[in-house]
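*Asks:* For reference, TrEMBL lists these features for the protein:
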- 415-429: compositional bias 'Basic and acidic residues' (COMPBIAS)
- 410-429: region 'Disordered' (REGION)
- 39-59: transmembrane segment (TRANSMEM)
- 71-91: transmembrane segment (TRANSMEM)
- 97-117: transmembrane segment (TRANSMEM)
- 129-153: transmembrane segment (TRANSMEM)
- 235-255: transmembrane segment (TRANSMEM)
- 276-304: transmembrane segment (TRANSMEM)
- 324-348: transmembrane segment (TRANSMEM)
- 360-382: transmembrane segment (TRANSMEM)
- 388-405: transmembrane segment (TRANSMEM)
Amino acid sequence: AVVVVVVVVLSPRLFFDLIFVSSISKLGDAWREGEMTTAHYALYFMVIWSFWAQSSHYATRFYSDDLSNKLYFFLFQGGIVGLAVNIRGGLTGPNTPYFMGFSAAICVFETLVHFRAWRHFRRTTHRRAAYYALYIGTVGCLRAAVWLVGVFAAVELRVYLFVVAIGISYTRMAHVFTDRFLAYCFGWSKGLGCCELPYLPMHIEHFTERIGGLMMILLGEAMDGLASAPADQNISLYLFLLLSFMVIYFIKLLYFDVNIVETEQHAFRVKWWRGILFWFMHPFLGLSISLFGDSMAALAQVMGEGDMERDDQAAGSPEKRQRWFSRMGVFIGTALIFGTIIQSTHFITYKLSFQNLFSWVARTQIAVCLIGGVVVITLSVVPLPMSINGRMAVICFILALLVRASGKTRQAKNTNEEDTPKKGENSNK
């Protein structure tokens with residue numbers, strides 16, 4: 001019975017997340033082939049991420065296993081497939097109006113499903129849920145209008161409309177996580193007795209599990225770049241692929257397997273600004289991981305082509321290798337920096353005492369990881385009399401030290417935790 005429950009609950013989420021990652025994979029193909037710049041890649045990625053976030057917010061609060069929700073997610077996933085089909089060509093390509101049209105359709109689906117939730121909850125005593133659904137549905141209308149304008153806009157205006165749509169999405173997400181901003185935006189209506197603030201708490205465990213699952217799939221997609229090397233590999237290419245695998249594994253350790261916190265220590269429970277920072281750093285971490293995987297795949301392809309053609313003017317020329325390696329190293333460093341910021345949002349500031357020094361150990365670890373990210377970026381950008389594999393080995397050594405330092409931090413935390421009951425507390429509780 002336990003196995004059946006796990007399959008029923010996790011399989012739809014995994015299928016849903018894989019559709020988004022498949023879209024990001026097509027985005028990487030277009031970027032490696034020169035169809036779009038890195039800035040345009042980032043814009044497309046943020047749009048896809050915002051759609052994943054809006055579906056996760058809805059599922060965390062209103063999802064039920066009925067026909068209406070199944071129809072909504074069927075249409076939603078079909079819209080994401082439409083985005084993936086129309087990614088090629090970049091912002092200046094002929095597919096962009098269709099991409100923006102599918103984006104508008106997804107926002108319309110979001111609006112309809114939230115208005116349905118509002119219609120249901122306004123008849124009950126759960127008025128807060130009704131006002132929240134009404135607010136999100138209204139914002140969905142605004143986003144749909146922006147995307148619809150983009151369908152008919154000139155090519156020069158597409159970038160600005162992308163930025164506006166992304167800005168609306170992420171501003172709404174800030175409202176979703178805290179009512180601090182909503183108190184200023186809607187305080188007048190509450191004072192008149194018209195409604196409560198349109199804020200509805202989320203299920204922290206479920207949302208953290210969802211976002212962690214998506215990050216794991218993105219790491220797996222980066223691992224797929226290891227298989228992009230051509231045939232007839234030599235020892236140098238095999239060594240590069242091994243070192244790249246180690247980098248991905250160390251990033252996975254730093255994100256998932258160190259500094260594990262309880263629910264009470266989660267960023268959403270500690271401070272409102274920590275929760276906002278925790279959420280807003282994740283898309284940048286995902287973007288860094290995706291660009292790192294695509295850069296690694298391109299570099300592996302270039303190294304193999306150069307070894308086969310034996311031509312300085314070939315695709316594997318030193319200049320091209322250095323360019324792709326610099327990109328890969330920069331994105332490794334940014335992934336390390338954003339991941340460290342995310343982990344630091346959970347840390348609670350303790351009072352200085354000899355009984356609990358975890359806060360000082362944690363701060364030291366944060367500083368070391370941030371410095372490590374800067375060192376990795378510098379090592380990959382600055383020309384050095386060292387081969388690519390040599391610098392990759394140094395990067396792996398730095399990441400291994402950071403994993404070791406994080407492991408000591410976690411051990412220090414567990415060692416300094418007080419197991420004795422507080423005054424007046426039952427020791428057998």
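For all residues, glycine too, the Cβ spot is worked out from N, Cα and C.
Quantities reported herein were computed from a predicted structural model and do not represent experimental measurements.
Give me the local environment of each listed feature.
*Replies:* Listed as Cβ neighbours of the transmembrane segment (39-59) (distance under 8 Å, sequence separation of 6 or more from its ends, same chain) are residues 16-17, 20, 23-24, 27-28, 30-31, 73, 76, 79-80, 83, 87, 90-91, 103, 106, 110, 113-114, 136, 140, 159, 162-163, 165-166, 169-170, 173, 176, 202, 207, 210-211, 214, 283, 286-287, 290-291.
Same-chain neighbours of the transmembrane segment (71-91): 16, 19-20, 22-23, 26-27, 29-30, 35-37, 40, 43-44, 47-48, 51, 55, 98-99, 102-103, 105-106, 109-110, 112-113, 155, 158-159, 162, counting only residues six or more beyond its ends whose CB sits under 8 Å from a CB of the stretch.
Distant neighbours of the transmembrane segment (235-255): 215-216, 219, 222-223, 225-226, 229, 285, 289, 293, 296, 299-300, 303-304, 307, 332, 335-336, 339-340, 342-343, 369, 388-389, 392-393, 395-396, 399-400, 402-403, 406; these residues of the same chain sit at least 6 beyond its ends, with a Cβ under 8 Å from one of its Cβ atoms.
Long-range contacts of the transmembrane segment (324-348) within its own chain (CB-CB distance under 8 A, at least 6 residues past either end) are made by residues 38, 247, 251, 254-255, 258-259, 261, 265-267, 270, 274-275, 277-278, 281-282, 284-285, 288-289, 291-292, 295-296, 298-299, 302, 359, 362-363, 366, 369-370, 372-377, 379-381, 388, 391, 395, 399, 402.
Within the chain carrying the transmembrane segment (388-405), a Cβ under 8 angstroms from the stretch's Cβ atoms is held by residues 236, 239-240, 243-244, 246-247, 250-251, 253-254, 258, 299, 303, 321-322, 325, 329, 332, 336, 365, 368-369, 372, 375-376, 379-380, all 6 or more beyond its ends.
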